[in-house]
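Student: Below is one structure. I have some questions about it.
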Amino acid sequence: MLYSLLYGYFNINLFQYLTFRAGLGFFIAFFLTLFLMPKFILWAKAKKANQPISSFVPSHQNKKDTPTMGGIVFVFATIVASVLCASLSNLYVLLGIIVLVGFSFVGFRDDYTKINQQNNAGMSAKMKFGMLFILSLIVSVLLSLKGLDTFLYAPFLKNPLFEMPTMLAVGFWVLVFLSTSNAVNLTDGLDGLASVPSIFTLLSLSIFVYVAGNAEFSKYLLYPKVIDVGELFVISLALVGSLFGFLWYNCNPASVFMGDSGSLAIGGFIAYNAIVSHNEILLVLMGSIFVIETLSVILQVGSYKTRKKRLFLMAPIHHHFEQKGWAENKVIVRFWIISMLSNLVALLSLKVC
């Protein structure tokens, strides 16, 4: 909107630069989140919109009055910044907004159910999975109709492994959406644990998206060119900015939780960025913390069902370390370090080989 007005009508050349608009979107989303979040916290406390804490985590019972659904605020701030700074005629931008709104809506339904029923279960797994599946399928089909190529790339290799048939590609993309959104959701168990690794992952993916959308950079780095995808860089940095604003209130001890309305939106948007920039496999490295958290749950459940023994004191694995006596801040910061290093290694793939 602002982009179309200032560049399209008034020909202010500064707005033709993607990096300027992305930076502007970052700060708009950041300050808007900073401004709106205290108001949301006051409203949520008045409405007693706090998520019940699981009885299996007694050390967290002091957080039972902390309001949740803060994700609504930073998703809203991201969309406002994107509408102002991005080109809304770009299909990748529109699909990115659909992903944020759609996944956040599913999370909101889950958060609302938890608050309304005053339990930690939320929606039924079948209902939640079904809504996420339908949304993922719609976006994946639209990407296919848009003409996004279906080559599968491996980290540090410049040539694709093979070209997936359309149906296989759509199914694979749906899997990426579902696994990533739920992985971020599982990670959101400690103050700031999900938001900072999400920031690192989004920053890495935003670089890949920028390179993919830039003819000169993609040619120099032998990176697959994706026409028009560079505009997604604006939304990615806007989401990073809003997450920094959210972290202002979510750092330990948290004044607000993002809830599923935030974690599912982040996970869905991370998956979307990975798909359009051909980083579905590299996402395992960039989102290493999310992968570790998810694997810990899968292994814990699998071990208990087959051997009646638990591999960890508690899953997801961040609770295991808490049970071992690690302070919450120690778990959080060490996981941040792992995430940062993983993303630095992932970025090396741009130039290596």
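Each residue, glycine too, has its Cβ placed from N, Cα and C.
Feature table excerpt (Swiss-Prot):
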TRANSMEM  24-44  transmembrane segment
TRANSMEM  66-86  transmembrane segment
TRANSMEM  88-108  transmembrane segment
TRANSMEM  129-149  transmembrane segment
TRANSMEM  160-180  transmembrane segment
TRANSMEM  192-212  transmembrane segment
TRANSMEM  229-249  transmembrane segment
TRANSMEM  256-276  transmembrane segment
TRANSMEM  281-301  transmembrane segment
TRANSMEM  330-350  transmembrane segment
Student: Determine which residues of the chain contact the transmembrane segment (256-276) at the Cβ level, with the cut-off under 8 Å and only residues 6 or more beyond its ends counted.
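Tutor: Residues 37, 40-41, 44, 51, 66-72, 74-75, 92, 95-96, 99-108, 110-111, 122, 132, 135-136, 139-140, 143, 148, 173, 176-177, 179-185, 187-188, 194-195, 198, 201-202, 205-206, 208-209, 212, 226, 229, 232, 235-236, 239, 243, 246, 249-250, 282-283, 286-287, 290.
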Student: For the transmembrane segment (192-212), what are the same-chain contacts with Cβ under 8 Å, counting residues 6+ beyond its ends?
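Tutor: Non-local partners: 18, 22, 184, 218, 221, 223-226, 229-230, 232-233, 236-237, 239-240, 243-244, 246-247, 250-252, 254, 258, 263, 266, 269-270, 273-274, 276-279, 283, 286-287, 289-290, 318, 331-332, 335-336, 339-340, 342-343, 346-347, 350.
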